[in-house]
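What follows is a set of notes on a single structure, which appears directly below.
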Amino acid sequence: MERFSWARKFCCGGAAAKGWSRGVSFQVSRCISIFFVEFQTYFAQDYARTAWIHSIADCATMLCAPLGSFISNRVSCQVGIMLGGMLASTGLILSSFATSLEHLYLSLGVLTGLGFALCYSPAIAMVGKYFNKRKALAYGIAMSGSGIGTFILAPVVQLLIEQFSWRGALLILGGFVLNLCVCGALMRPITLKEDHENPPELLGQEYVSKAQKQDLKQISMCSPLMKDWSHECLCHCSWQEYNFLLMPDFMVLAVSVLFMAYGCSPLFVYLVPYALSVGVSHQEAAFLMSILGVVDIIGNITFGWLTDRRCLKKYRHICYLFAVGMDGLCCLFLPVLQSFPLLVPFSFTFGYFDGAYVTLIPVVTADVVGTASLSSALGVVYFLHAVPYLLSPPIAGWLVDTTGSYTASFLLCGFSMIFSSILLCFARLTKKIKRTHLRSLAKDANTKQQIWTNGTMAYSVAGELDQKDVEMLAIDTNSYCNR
């Protein structure tokens, strides 16, 4: 009962801290794009070199996401988020004294990105521990902090740049990011009931579902209350924590995430510079980011609520694919939108579906690996964002420098996201066809093995099944039962 009481409080207080944590960490990173033109002008560098700042920050955030999960699992999420807040603030403050792009690569890129990484995974995984039935909606509400962050920070950052220059703006942001330490202190850790009860007793109860039993097996092996601090046990615990890496469904999801991450990153880097290049004012360009942020909130909450409905709960993967594909289509049409009135609908559409699929990433991951491995799996999923986040903005910048326009960059982003959606769709269709085929084999097996009695003699209708078909059927049945 205490868990559900705190769950209600978590919606109001802890989720607010979670939303603030994600809003500060993720959206300060997004607002680096507003500094793009300032850095390019001040240091007199091209698009490709300037884009490395944003790329390194995003890459460090995602590359070190497993480190955030590790600290959260071994120490506490509170310690991880507070440590991350101090590192990110230090990076922003040091960046205000930068004298070269290389200085910004280390301070604004590596140090700030590392700080955000320690905040990101623990804050997201915390929601999954409190909610089961309305998990998608809970993630949607918590992740709306990212949209609120973009909506508020984009015009504020532009105003700070105009009033105090980019150095003063970074210094003020450094103080603002220290609030992550407060967010970390508000994260109340929860000890699940399963950690204290005898796992064999729980696993033997009939009312515990198979998916929950699988989670209990992993929890019982890796719980601090159960494990023996020996080298052998630690190795076994680490393997149990990451055994989802060999799951075919997770492998396909991982490859899809790589293409999705490649497509979404350059848009947030180059939307403001692109708007300025087609004659939009600085304030209007920042306002486009604000629109994207506030609509992102609507996408977070509405898609979270919709996919928790009974009629759509089984189709979360399809909703995720649809949202990613729609964002890809938006990128394909962006090069022909060359005025502020045309860019506003783009910000609405792209922001909505961006919020939609971002909300569903933890939900889809949890459906694939289970709740017990969610924190580790999210760390791996966000780790996979690292390489695309590192390479895609500089590649897009190189294309802009080479071609003299943004068309090639945006088309590459759009096709990458569409391919990500098609890949997951094709994998699910293949799995469904295979399952249907194996069910038909099972039906044929039952028919062929029917026996009837004619007097005192029994006759078989047909011969035995082919041994290969039997093995395939057994493998499918075992994998289905394990679920």
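Including glycine, each Cβ sits where the backbone N, Cα and C put it.
Curation plays no part in TrEMBL annotations; they are all automatic predictions.
According to TrEMBL, the features are:
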DOMAIN    1-432  domain 'Major facilitator superfamily (MFS) profile'
TRANSMEM  79-98  transmembrane segment
TRANSMEM  104-125  transmembrane segment
TRANSMEM  137-161  transmembrane segment
TRANSMEM  167-187  transmembrane segment
TRANSMEM  250-273  transmembrane segment
TRANSMEM  285-306  transmembrane segment
TRANSMEM  318-337  transmembrane segment
TRANSMEM  343-365  transmembrane segment
TRANSMEM  377-400  transmembrane segment
TRANSMEM  406-429  transmembrane segment
The transmembrane segment (104-125) in contact with the transmembrane segment (377-400), cutoff 8 A, at least 3 CB pairs, sep 6+: yes
Top Cβ-contact partner of the transmembrane segment (250-273) among 79-98, 318-337, 343-365, 377-400, 406-429 (pairs under 8 Å): 406-429
Long-range neighbours of the transmembrane segment (318-337), counting only residues six or more past its ends (CB under 8 A): 260, 263-264, 267, 274, 299, 303, 306-307, 312, 343, 346, 349-350, 353-354, 356-357, 360-361, 364, 405-407, 410-411, 413-418, 420-422, 424-425
Residue numbers, six or more beyond the limits of the transmembrane segment (343-365), whose CB comes under 8 Å of its CB atoms: 124-125, 127-128, 135-136, 139-140, 143-144, 146-147, 253, 257, 260, 264, 267, 271, 275, 280, 288-289, 291-300, 302-304, 307, 316-317, 319-320, 323-324, 326-327, 330-331, 333-334, 337, 374, 377-378, 381
Confidence summary (mean pLDDT) of the domain 'Major facilitator superfamily (MFS) profile' (1-432): 77
